[in-house]
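Annotated in TrEMBL:
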SIGNAL    1-33  signal peptide
DOMAIN    91-444  domain 'Peptidase A1'
ACT_SITE  D109  active site
ACT_SITE  D325  active site
DISULFID  C362-C403  disulfide bond
DOMAIN    489-618  domain 'CMP/dCMP-type deaminase'
REGION    1024-1046  region 'Disordered'
Amino acid sequence: MAAAARSACDRACSSLLCLVLVLLAVAPAPAAATSGVFEVRRKFTRHGGGGGGEGHLAALREHDGRRHGRLLAAVDLPLGGSGLATDTGLYFTRIGIGSPAKGYYVQVDTGSDILWVNCVSCDGCPRKSNLGIELTMYDPRGSQSGQLVTCDQDFCVATYGGVLQSCTSTSPCQFAITYGDGSSTAGFFVNDFLQYNQVTGDEQTTPANASVTFGCGAKLGGDLGSSNLALDGILGFGQSNSSMLSQLAAAGKVKKMFAHCLDTVNGGGIFAIGNVVQPKVKTTPLVPDMPHYNVNLKEIDVGGTALPLPTNTFGSGNTKGTIIDSGTTLAYVPEAVYMAIVTAVFDKHQDISLHKFEDFDCFQYSGSVDEGFPEITFHFEGDVSLNVSPHDYLFQNGKNLYCVGFQNGGLQSKDGKDMVLLGDLVLSNKLVLYDLENQAIGWTDYNCSSSIKIKDDKTGSTYTVNADNISSSGCKFDWHKSLILLLATTDAALLRRAADAADRSAGHTAPHPNFGCVVARPHLGTDNAEAWVVGEGSLYAQGTPCAELLAAREAGEHARGATAYLNLEPGDCYGDSTAVTSLVQAGITRVVVGLRHPLKHLRGKAIQSLRNEGIQVDVVGEDLHSKLFKEALKSCLIVNAPLLYRAAFRVPFSVLKYAMTADGKIAASSGHASWISGKSSRDRVFQLRGRSDAIIVGGNTVRRDDPRLTARHVKDGHVPVRIVMSQSLNLPEEANLWNVHDAYTIVATQRGARRDIQKQLALKGVEVVEFDMLNPRDVMSYCYDRGYLSVLWECGGTLAASAISASVIHKVYAFVAPKIIGGANAPTPVGELGMNQMTQAIDLIDVSYEQIDRDMLMSGFIQPIPDLSPVIPSVDEMPSVDPEVSPYETNIISFYKTWDTFGAFSNFSPHPIHMPDENGEHFTWPTVEHYYQAHKFIGVDIPQAREIVQEIKLAKSPEEAARIGRTRQREFQQLVRPDWDSIKIDVMYRAIKCKFSTYSHLTDMLSSTAGSVLVEASPHDLFWGGGREGEENAGGSRSTGRREST
């Protein structure tokens, strides 16, 4: 029996033409897209070689005749206001439907709308097919995900333009269609998962599904019930709202665009949904408000000579017009057009006599038809042409016997006698693009056995799809490989969402990486990845609850059995395993990690801990591979670019920002530069500042603009340090930057420059740092030593050119205003770089453009993004201890950042302590830093001091508490308790003692350092730190003291 089945299969496949169908989806915000494949087979072949035989042409004509009756006839119940549900009789594929999925063979048709399959207990449905395939009846009750669509649901209401009379909440949404040839189908709509394999890379797929509403055929009549060429249903690609394409587009899954390339020579082809970017296609407008793909045909020429036809031959409407329909095998034209074409084609072959063969005009010819006959060209609106080669419109039906593929439409269909219907005969060996987004259609000659390029419009990725992705030679079907929808890859989309969540922390977490977590689980009601999200969180700042804990809390019970998406491996480092514990206790069963932690002492630690708990961990680049995942990985990289660039180049991540006019000027010839860009652009600059650790300007900018350089419009944002580079210290005595109440200011200058100015600045609280040779590279090295991750350059052209030449600028933000100011001497954004040829110009990488009101923001990288997963030794990320300041000892243990090996010793570590507040009542302080900063003002009987204490207690992070305490101390010295200098060490010691007494594992960690010197490696704290210019190392001393007492 197996051999017999194979034989039948081989016989059926010998007359089938296979086609590859690819779907490209647009990612839902902020999601992304991938690619996939349909295997589509053809019932008939046009090129019969030597064996077309009697009955073959009749079958083609019979098929087209039935189809035309269906295309041109009215329907009883129009669906969605346009299109007809009909069959093509030409191409079919196998799809999977339901849970568990079963395979169904359906016809693929650009001339019909809905997807429908025959259902169990169907009246008149065929039980077998002469195509050698096994038919399957869909049973909604046999699918765990199948749901009846009732007449009051949105789909049904939209289909019929309102709620039907006598509709109840339990009544099914029905459909019934009767065609002009007497065939009919009727049934009801259901919703279920359309099963597919989602493309995750070149020739790589993973199983997935999409929720689609389709028809469940309960009754068939006429030829649709015949077993001659029976299939399980129809997959329509028409324009109506009820089509699968329209449903996916409405859900934001795909763009309403598709293309096909039918190769009738080699037996291959492509059918793609999405944005085809190669080959390029020129389009003509679709005629509006028509149920099919109607276009305006202007002229036909044969061999370059226009046919002499009346001007009113081609029109538009229900009885006259031109339809593009790949479901039609041949091509049909009005009788006058047909006669003119035949006359012109055989004009140079007076010796050839035509004879009728099954109503086709046929003739004997022994030469090459392409050499002996002219090309036919159809000219459409918009100067678009469609060329039909002789081998396409003259097909062989026996040895030296050829027949004309064009047909007299009046003989085929009375209703269509004045119509032009262009089918496979003229569309084969062309890529035909249906751009329903812009209501246009176009084509270009193409080798359909080659490949096309499709673009994911969300990520900008381009994928090559080959026509031979699925073999076209055999009959062996595997539905899992038959339909691959190019939908948003769930893992990649949710990983990008985790990166987006992490990005919200930028400006708050430094010197920590930005962490984001998304918890999601599949939902049977939708295939939208965004709808699967049940929890989301991001690390607000160091010392605050981790992203994983926040996401798990939000998910609640829904987290059990769900997947967690992390842009970066957690940085658990002080025995708490906060992130790991949160995920384990929440019941997470799978974790997708975008990037391993870049620090050597943390790399792989959390991943291994999760795996030890039995949780599946998939790491991009290790367990998940594809171009799509590379794009998601890139998002994970960019959100932590400052940390990775700093590690790769040993300088802070540096961004050059400038605003210029449309003619490239950053100021007028007079030097005036205020308000080049608009308010929205300036707000964006405040955001950039809020994400930076420091802002650098030159002395000219201070003299000319007197900037403040604050992120004042960013709520709770990071306050960057302001750095002024001035070699000569030719600076004004009064400037906004000297007001250190707003933010800390550093002036970098040449060693020995103007001591008097240095003293004046020091009296104002401005730190002056001298360099042997003031240059951007040394200043960046200094910023690196101070622990800065990100620096924003807002300088003039001279300093910008110097920084670019020194290779310390990594990215550029250029705000371009729609203004022209002119001026030969007006300054430009970047000064002299010593380049004389355009070939020397610096090309930006990963350039992006954004319209901001009237301005345009262009951004791009100067230096390539570092390796996606560098291993950063922890020592490289620790500020050096200057041996001239602190005695060098090999047994020094440094701590500063909370993700350092001994980061738990930091006052910023997330270990709450229970200590008395200003009222003597015990209060849970979020961190030691909160407690310490508040005690600067506790005991001062002034309302404003008490308000500051409350502000610090409510600070969201220890960094925010420190910023409030330090800023208020500088601004309101009178509110600081008078004995602060004498008691601050004792305050800190009490807090540290409480912390280590509360957390026994921290006590054990502290005891393990016996014999070593503890150094708080703060690069800029002159009292508590032991870093550059540190004098006291009080922070390390207090921890050492606590260790000795332990």
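Residue 1 is the first one shown; counting continues down the chain.
Cβ coordinates are placed from backbone N, Cα and C, and glycine is handled just like the others.
When Cβ atoms from all protein chains are considered, those within 10 Å of C403 (disulfide bond) total 24, not counting its own.
Spacing of D109 (active site) relative to D325 (active site) is 8 Å (Cα to Cα, whole number). Cα to Cα, C403 (disulfide bond) and D325 (active site) are separated by 21 Å. Cα to Cα, C362 (disulfide bond) and D325 (active site) are separated by 24 Å. Using a 10 Å radius centred on the Cβ of C362 (disulfide bond) and all shown protein chains, the other Cβ atoms total 19. There are 24 other CB atoms within 10 A of the CB of D325 (active site), with all protein chains counted. When Cβ atoms from all protein chains are considered, those within 10 Å of D109 (active site) total 25, not counting its own. Mean predicted confidence for the domain 'Peptidase A1' (91-444): the pLDDT average there is 82.
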